[in-house]
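Here is the structure we will look at.
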Amino acid sequence: MLRAGVVAVQGDVSEHAAAIRRAGAAHGKDVDVVEIRQSGTVPECDVLLLPGGESTAISRLLSREGIDVEIRDHVAAGNPVLATCAGLIVAASDANDDRVDTLDLVDATVDRNAFGRQVDSFEAPLPVAGFDEPFPAVFIRAPVIDEVGDGVEMLATWEGDPVAIRDGPVIGTAFHPELTADSRIHDLAFFEDVAVEA
Ligand code: GLN
């Protein structure tokens, strides 16, 4: 049994819950999904998901509820996190916006709404390191990853900009893997050492 906590203060929570359940089922693993709205739940979770949504709202609620400290401790202990879109903005070391109190889970600075300034939303077949086929990446008012530290692995770029990174136990994507039926990003974040059952 894997206990997966979906940070549920705001954003596309149910989509992430469904995606992690689907990925677990494909690996023959039961996933117990818990929604995180207050402090005390994160320490009971094996893995965490930080959904897309509105990063200013998410960051404000995380610090108000004292969940921010617990998420930092979760990562410091080496436990996995998947942070998508607004989740990545919150997980960054800086978001280029004072209204977002970033958690500094990944050594990367992001620019909120960088794609959004040009085009609101789009879907693209995205080559991802280690994937045989491109990933159907849905971008919705997506951030751009500006700068990454030395220890950060680049998993995907789109038109020259990084859009998926891994820093230790944390994977961050500018797009929304939870909005497609393709579970490979969730697999990579949480199940990559588990053989897929035939
Ligand atoms: N641009 C949004 C923000 O800054 C994120 C958009 C999303 O998660 N789809 O919070």
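The backbone N, Cα and C atoms fix where each Cβ goes, and this holds for glycine too.
Between the candidates R22, R112, R166, TrEMBL assigns the L-glutamine site shared with G53, E54, S55, I140, R141 to R112.
Other Cβ atoms within 10 Å of the Cβ of I140 (L-glutamine binding site) number 18 in total over all chains. For S55 (L-glutamine binding site), the same-chain residues 6+ apart in sequence whose C-beta sits under 8 angstroms from its C-beta are A86, G87, I89, V90, A95, D97, V100, R112. Other residues of the chain with a Cβ within 8 Å of the Cβ centroid of G53, E54, S55, R112, I140, R141, the L-glutamine site, are G52, C85, A86, I89, N113, P143. Among the recorded positions S55, R112, E178, the residues whose Cβ lies under 6 Å from any atom of ligand 1 are, in sequence order, S55, R112. Among the residues G53, E54, S55, R112, I140, R141 said to bind L-glutamine, no two Cα atoms are farther apart than 13 Å.
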